[in-house]
Amino acid sequence: MKTIIALSYIFCLVFAQDLPGNDNSTATLCLGHHAVPNGTLVKTITNDQIEVTNATELVQSSSTGKICDNPHRILDGINCTLIDALLGDPHCDGFQNEKWDLFVERSKAFSNCYPYDVPDYASLRSLVASSGTLEFINEGFNWTGVTQNGGSRACKRGPDNGFFSRLNWLYKSGSTYPVQNVTMPNNDNSDKLYIWGVHHPSTDKEQTDLYVQASGKVTVSTKRSQQTVIPNVGSRPWVRGLSSRVSIYWTIVKPGDILVINSNGNLIAPRGYFKMRTGKSSIMRSDAPIGTCSSECITPNGSIPNDKPFQNVNKITYGACPKYVKQNTLKLATGMRNVPEKQTRGIFGAIAGFIENGWEGMIDGWYGFRHQNSEGTGQAADLKSTQAAIDQINGKLNRVIEKTNEKFHQIEKEFSEVEGRIQDLEKYVEDTKIDLWSYNAELLVALENQHTIDLTDSEMNKLFEKTRRQLRENAEDMGNGCFKIYHKCDNACIGSIRNGTYDHDVYRDEALNNRFQIKGVELKSGYKDWILWISFAISCFLLCVVLLGFIMWACQKGNIRCNICI
């Protein structure tokens with residue numbers, strides 16, 4: 001009996017395939033868009049996480065691990081700091097007259113000469129680094145009545161006591177140290193950088209032994225500036241066997257100006273000047289090795305590609321670099337909203353449009369058509385709407401780079417002026433710049449992502465409206481991105497709808513006739529499917545009852561024998 005009921009149910013399902021609407025006089029056309037099984041989450045103005053078919057990472061988060069030697073000229077400081085190379089520390093003599101785009105200072109660098117300090121070390125370091133050269137020109141200063149070329153055991157040059165090669169230590173000659181008053185005009189067309197110093201003896205005896213006077217004084221002047229330094233005699237921590245010190249100063253002499261040096265002792269005199277050049281040279285502290293490669297952007301961690309607008313490798317950079325932001329990732333949508341395709345579409349494999357889900361496997365376009373007609377099913381991309389979306393999305397990455405560079409360069413220039421005037425605010429300003437860059441970057445990417453999603457949705461709607469205008473009353477909008485076409489529409493007919501050559505008048509009469517022709521139960525209400533399935537269920541139930549009644553009647557008449565065993 002159970003077998004008979006099951007066969008009856010299957011019989012009903014088989015006949016259900018001949019429901020009204022599945023005959024050859026109608027067709028279904030659905031519009032849809034590309035989808036992928038696993039999309040990428042991006043952020044928009046209205047949504048923190050929205051899935052798209054494709055996205056591009058905008059933040060460079062790793063370096064090559066080495067500093068590329070091309071296209072920038074890299075000068076490896078090895079064991080020397082830039083200031084030691086500038087002064088002429090004996091172990092840095094190999095850097096004399098060198099040039100660079102980027103001077104790389106190493107953590108292992110050390111000084112190996114007379115202990116010194118620079119009152120404004122960072123400014124001098126930055127000044128020389130930006131000049132990009134250690135080119136030095138000797139000048140004939142006229143020092144009279146004193147002994148020149150003083151040296152120290154703390155600054156060996158070979159086996160002999162020495163001193164910084166770019167400086168001239170003056171001390172008494174015999175028992176006198178006459179006042180020195182020397183001038184040196186700048187008749188060149190470029191600025192001259194003079195490095196000079198003041199010696200601070202550790203004891204009063206050392207002071208008089210070297211300079212006779214109990215207290216010396218050094219004054220260096222130009223038409224624009226004057227510096228006066230009085231030595232501080234006193235013991236300091238021992239460095240390389242000495243408790244005395246040298247303080248290093250510098251003076252820039254403009255073209256047409258004149259350098260005046262006046263001293264009655266303790267003067268560490270210049271031997272000449274360094275040529276000052278304007279350019280984009282710089283300095284960086286890094287222990288990354290220098291390798292044979294090419295990269296426009298260098299960080300202390302190593303070189304990084306500059307094909308992304310942002311990076312979070314290091315806030316210190318040199319060259320054409322992405323802007324530093326706090327975010328580890330910022331994804332730019334380069335595809336449409338992703339709605340993965342449902343894997344099952346009911347018993348009979350119905351097709352659905354873009355309102356329900358996207359379509360996977362559309363490799364030849366972003367938008368397209370699927371149809372179901374008397375010749376079967378098929379799918380084709382709509383290249384025109386696809387190209388319209390791609391044309392507007394192409395170049396989006398370049399537009400983001402342009403926008404960020406323009407905005408951030410303005411901020412950078414503005415804050416650079418503040419940093420130069422107010423040293424106490426330097427760290428605060430740097431943090432503020434990074435906060436602004438990070439906020440602007442996130443906002444800009446969210447705006448672009450919102451535009452991309454709105455754009456791709458708009459192209460889908462345009463294609464749907466274009467199809468609706470072609471079909472008019474020949475088809476019915478099914479509400480899921482599909483149209484039910486009320487006339488026979490073979491593959492050629494479907495193709496004419498796709499390419500925009502469909503003639504609605506040709507099929508108008510047939511479509512109207514089919515719309516109003518009653519075939520079984522053809523209801524327009526939203527309860528159509530429910531009523532159809534209920535009617536089939538009742539029919540199947542009645543069939544089962546009839547069969548069961550026949551079997552019971554046959555058993556009573558003796559035509560069928562039924563044995564029940566326990």
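Glycine residues also receive a Cβ, built from the backbone N, Cα and C atoms like all the rest.
Some features that Swiss-Prot has for this protein:
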- N24: N-linked glycosylation site (CARBOHYD)
- N38: N-linked glycosylation site (CARBOHYD)
- N54: N-linked glycosylation site (CARBOHYD)
- N79: N-linked glycosylation site (CARBOHYD)
- N142: N-linked glycosylation site (CARBOHYD)
- N181: N-linked glycosylation site (CARBOHYD)
- N301: N-linked glycosylation site (CARBOHYD)
- N499: N-linked glycosylation site (CARBOHYD)
- 17-530: topological domain 'Extracellular' (TOPO_DOM)
- 552-566: topological domain 'Cytoplasmic' (TOPO_DOM)
- 531-551: transmembrane segment (TRANSMEM)
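Under the three-state DSSP scheme, N499 (N-linked glycosylation site) falls in the helix class. When Cα-Cα distances from N79 (N-linked glycosylation site) are compared across the glycosylation sites N38, N54, N181, N499, the shortest belongs to N181. Listed in sequence order, S63, G65, S286, A288, V313, N314 are the same-chain residues six or more apart from N301 (N-linked glycosylation site) with CB atoms under 8 A from its CB. Checking each of the glycosylation sites (N38, N54, N181, N499) against N142 (N-linked glycosylation site), the C-alpha distance stays within 10 Å for N181. DSSP assigns N181 (N-linked glycosylation site) to a strand in the three-state reduction. Nearest by CA distance to N499 (N-linked glycosylation site), out of the glycosylation sites N38, N54, N181, is N54. For N142 (N-linked glycosylation site), the number of other Cβ atoms no farther than 10 Å from its own Cβ, over all displayed protein chains, is 9.
Of all the glycosylation sites given, namely N54, N79, N499, the one with the smallest number of surrounding CB atoms inside 10 A is N499. The glycosylation sites under consideration are N38, N181. Their Cβ neighbour counts within 10 Å are lowest for N38. N181 (N-linked glycosylation site) sits 81 Å from N38 (N-linked glycosylation site), counting Cα to Cα. Cα of N54 (N-linked glycosylation site) to Cα of N38 (N-linked glycosylation site): a span of 10 Å. According to its DSSP assignment, N79 (N-linked glycosylation site) is coil.
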